[in-house]
Every structure is written in C-alpha cells, then in structure tokens.
Amino acid sequence: MKYLMTALIFTFLFTACQQPQKTENAGNEKEVMTDKKSKSNAVLLQMVKKLPEYNWQHPYKLPELNYEYDALEPTIDELTMKTHHSKHHQGYTNKANKFIEQYNLTGKPVVQIFAEITQHPVSVRNNGGGFYNHSLFWTFITPGGSDFNGEVAEAIKKEFGSFDDFKTAFEKQAATQFGSGWAWLVMTPEGKLAVTQSSNQDNPLMPLLEVNGVPLLNLDVWEHAYYLEYQNKRTEYISNFWDIVNWEVVNERYLMAKKVTQTL
Ligand SMILES: [Fe+2]
C-alpha cells in the first residue's frame, strides 16, 4: 500500500510538472507566429505607401475609365462594363464613404484600414474592399491588352517557370474561388511573387488572408463581372482575360513595390 501511494503521488507530481510546460510551449509558438505576421504586415504597409492608392482621400470618388464601355469587346461586353462600373462599383463607393464616415475612419488611408481590418465592422471591410478592388481592376485592363514584357515579365518567368505556367496558376486561383471573389498576383513582404484568391471583397492587404502582398494584378470573378456574356462559363471568361491585361500598369506597380523591398 505504501508503495502504491508513493507511485500515485509521483505520477501526480510528474503530470502536474509536464502540463504547464506544454501550454507554455504552445503559447510561445503562437506568439512567434503572431509576431512574424505583424512584422510582415508592417513591411507590407511600407510597400503600399509608395503606391498611388495610399493617397486616395475620403470621400472616395468613382474613378473614370480610360476607355469606353464598349472598348473591351469581345472580351467584356458593353452592358456588363456599364453596369459593373456605374452601378456596382458606384454602389460600393457610396457605401464605403458612408460607413468609413460612420465609424470615424475618414482620416485613415483605405490601405491602412485594410491593415487593421479585424478591428472594423464588416460593412467597412466589404464596401471599402469593393471600392478598392474595382478601382485597381479598371487599371489592369485596357482595349487590346499590352505586351507581356518589362521586369515583371522576367520576374514572373523566374518565379513560375514560364508565362504559361503563371497563367495556369493564376487561372486556377480564379476558377477555384468558391462563389464570389477575386484572383490576385501579389508581391509578398519578402519580395516574392505569388498568386492567391479572396472571397467577397477581401484583398491581400487584409491580414486575415492566408497570403498577403501588394496587389500587382487582379481579376473579378463575381458573376456580375461576366454572367451576361458568359453565363456559367467562368473558365472561358478567365482565359479570355489575358487579351486585355495592361502589363504596363502591372510592371509599374512591380517596380514601385520592388524598390521598397530593396531598402528594407
Ligand atoms: Fe465586380
């Protein structure tokens, strides 16, 4: 009996000593991950400060297009462009202005709001994202597209193997986004190129996404972006997208973001 009691006491003490250590290690790992994520987000914000959108001021305005609504045909039809820009994007812009004012965020750049998005209401997240994502999208497309060249083209070939391999990777993100959302090419805080996807109006500047980075190119895969012309054929819309990509704009953003990563 004496030996049994001794064994039970020993077992209890051993277990009690081990348990806190396990919890402490798990806590440390979580802290390291959180610390790494917050450092990456700080770098990301430095990168975005060099891009034009950092200076967009509230109240935001619907950006004018550099082309007519019918100029992207046959890739995107006139009615889709008109509805998408003048109705959908205008709606996001109006609501972004309303909610950003309602929650006293008018003094903050919209990209700063994204960096701390978990602290803000979902109405700010959805409509601020809707305003921002579409404002970029219109600049990434142009009638007839432009040639795939410049430093970004070289970087894409180096990172993905070839232009075709990159297109396959990007198209996969666009095609597999379940429901409404976006596909993205980004530069990560480490200066690498990556493709990713986001739901609804989220974007890679929001820390809650798995992949964060400066947007270099995006594609709207909400049904409102293609359904009138393509109906359920989302993959056809995605593969035709390459005919209208404005690589000059993508390259400009790549060079600006790269410059920042080289000074950090
Ligand atoms: Fe859209």
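Glycine is no exception: its Cβ is also placed from the backbone N, Cα and C atoms.
Since the structure is predicted, the reported quantities are computational estimates derived from the model, not experimental observations.
Same-chain residues at least 6 positions away in sequence with a Cβ under 8 Å from that of H84 (Mn(2+) binding site) are, in sequence order, H134, D220, H224, A225. H84 (Mn(2+) binding site) falls within a helix when secondary structure is assigned with DSSP. Per TrEMBL, the feature Mn(2+) binding site maps to H84, H134, D220, H224.
Residues annotated as domain 'Manganese/iron superoxide dismutase N-terminal' in TrEMBL: 60-140.
Per TrEMBL, domain 'Manganese/iron superoxide dismutase C-terminal' is recorded for 150-253.
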Should D220 (Mn(2+) binding site) be counted as helix, strand, or coil on the basis of DSSP?
strand
In the same chain, outside H84, H134, D220, H224, whose C-beta lies within 8 angstroms of the Cβ mean position for the Mn(2+) site?
H85, H88, H89, F137, W222, A225
